[in-house]
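Marked as FAD binding site by TrEMBL: Lys54, Gly118. The NAD(+) binding site annotation in TrEMBL covers Gly180, Gly181, Gly182, Pro183, Val184, Gly185, Val186, Glu187, Glu203, Gly266, Asp305. Residues or ranges marked as disulfide bond in TrEMBL: Cys45-Cys50. Per TrEMBL, domain 'FAD/NAD(P)-binding' is recorded for 9-320. The domain 'Pyridine nucleotide-disulphide oxidoreductase dimerisation' annotation in TrEMBL covers 340-448.
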Amino acid sequence: MGAVPEEVDVVVIGMGPGGEDAAARLANAGLDVIAVESRLVGGECPYFACIPTKMMVRAADALGEAWRVPELAGQATVRPDWTPVANRIRDEATTDWNDEIAVRRFEDTGGRLVRGVGRISAPGEVTVGDQVFRARRGIVLNPGTDPLVPPIEGLAGSPYWTNRDAVPATRVPESLLVLGGGPVGVEFAQVFARFGASVTVLESRPRLLAMAEPEASEVLAGAFHACGIEVRTGCAVDRVKHDDLFQVHLESGEVFTGERLLVATGRSTDLGALGVAAVGLDEQARTVPVDGRMRAADGVWAIGDITGHGAFTHTSVYQARIAAADILGQGTEVADYRAMPSVIFTDPEVATVGLTESRARDAGIQVRTAITQIPASTRGWIHKAGNEGIIKLVADTDRGVLVGATVVAPAGGEIVGALAVAVHAEVPVQRLREMIFAYPTFHRAIEAALAGLDA
Ligand SMILES: Cc1cc2nc3c(=O)[nH]c(=O)nc-3n(C[C@H](O)[C@H](O)[C@H](O)COP(=O)(O)OP(=O)(O)OC[C@H]3O[C@@H](n4cnc5c(N)ncnc54)[C@H](O)[C@@H]3O)c2cc1C
Ligand SMILES: NC(=O)c1ccc[n+]([C@@H]2O[C@H](COP(=O)([O-])OP(=O)(O)OC[C@H]3O[C@@H](n4cnc5c(N)ncnc54)[C@H](O)[C@@H]3O)[C@@H](O)[C@H]2O)c1
């Protein structure tokens, strides 16, 4: 005989940033909430992704600035040491990969945590091991993603790294091969290079950060070249061998050797394991389609990476707020992704909002673009060492508003904030031109880019 189901209000499967946020909101509102988590409460972001990698970036950026001293300010002797980085990640970011604090924070809301793998076993029903829950109000799916490991001969079974191995690393390898030049690949590549590894990035597409504006990829490729990172684009990996070292054989016959191999080739989901077919969803799909209130099926909401609206923590938490409000019957907000921002934390940072030029054209928008070079701005010229960058604007000429922007610059992720407001609030380009931009800031280069939209 099966287990007797326990009646609750809501079951949240997966406690990533969004699941944690939604579960807390619902429990704080007085609902009886069960949160199911198979690994660590908080998900990828605090333990293996955003937070520890940005601690690495912070440290690597300090080194990067120190190396600019000779050009600007005399002499500095810099000897990179990974120990403070590894210790900080262990002690401050992840508490040694222990989620006790996050669990307590959630349980203080009145919610209950169940450790294990959750699965939709029938409409309105979630099974975790030998426990069965009937959710009166709904099920929230926030299972996130796992590193995708391509089926390359010799790779499976070799001691390759994914982000989950690179983050806890206590030593910088002598040499590192990075498979994939997307956000994960480029952030780790620059960090480990700055800490002394000899780094090669192998990317199958024609450029780094292929989803970004081509001009952004070009600036980043230049910055990588300048700091000694080898970048190979358009490469097809044939096979991988591992003895003492990794060897990556390309179809072209070239062979790259490294002490470590970081696989950063995207993310995967397993909707079959989540049991989504029980509520009529396609378990072969890579994403769970949701409406503007995150509804995926009758009584099922989905949030985070699996919705395919941008694999970012800010997406997950944004969607969590909307889903929780809808479950509570207070939903007035409908998701609007037009001004979705993203920041790749390389040096220079690659920050975007809204549509790229090509996506805007594909959407049938009458597009006009403008680009300004950061080194040509007053602040860029003053900044000198490390001033590489651009601002690119994408305007909808019919409506006279910006629909996208890219900022590659020192602190590009902060500069893009102004452009995110413009895209989000559909501020007319003419109104933007009438603004006063503080002198001499990096964001003042937006004014020059706006002027370029006339050309
Ligand atoms: C190296 C790296 C760096 C990144 N840096 C940034 C950054 O700087 N900024 C940014 O915005 N984003 C960044 N991201 C992306 C970000 O980590 C994710 O978008 C974010 O974690 C949100 O994911 P999520 O809410 O979908 O779930 P996740 O964080 O993936 O968490 C899902 C949770 O669900 C659990 N789970 C899965 N299935 C089940 C199940 N069946 N039962 C029980 N539990 C289950 C998992 O164990 C996991 O804990 C980065 C990603 C990587 C890999
Ligand atoms: N700062 C941030 O916000 C941040 C940082 C890291 C990751 N992320 C998120 O995490 C998600 C995953 O990032 P990612 O970089 O792992 O995935 P991705 O899919 O964005 O990039 C993977 C890259 O690997 C390449 N690739 C795939 N197979 C390959 C192969 N066999 N050989 C060589 N190259 C190959 C792809 O062409 C692509 O450029 C991203 O969508 C991003 O949203 C965000």
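Positions of Cβ are set from backbone N, Cα and C atoms, glycine also.
Note that the structure is a prediction, hence the values are computed from the model and not measured.
Counting in whole angstrom, Gly118 (FAD binding site) lies 17 from Asp305 (NAD(+) binding site) by their C-alpha atoms.
Proximity to ligand 2 at the level of Cβ atoms, with a cut-off under 6 angstroms, picks out none of the recorded positions Cys50, Lys54, Gly118, Asp305. The DSSP breakdown of the domain 'Pyridine nucleotide-disulphide oxidoreductase dimerisation' (340-448) into helical (H, G, I), extended (E, B) and coil residues amounts to 37 helix, 34 strand, 38 coil. Screening the binding-site residues Gly118, Gly180, Val184 for a C-beta under 6 A from any atom of ligand 1 leaves Gly118, Val184. Taking the C-alpha positions, the distance from Val186 (NAD(+) binding site) to Lys54 (FAD binding site) comes to 13 Å.
DSSP assigns Gly118 (FAD binding site) to a strand in the three-state reduction.
The Cβ of Gly182 (NAD(+) binding site) has 19 neighbouring Cβ atoms from other residues within 10 Å, across all protein chains displayed. In this structure the C-alpha atoms belonging to Lys54 (FAD binding site) and Cys45 (disulfide bond) are separated by 10 Å.
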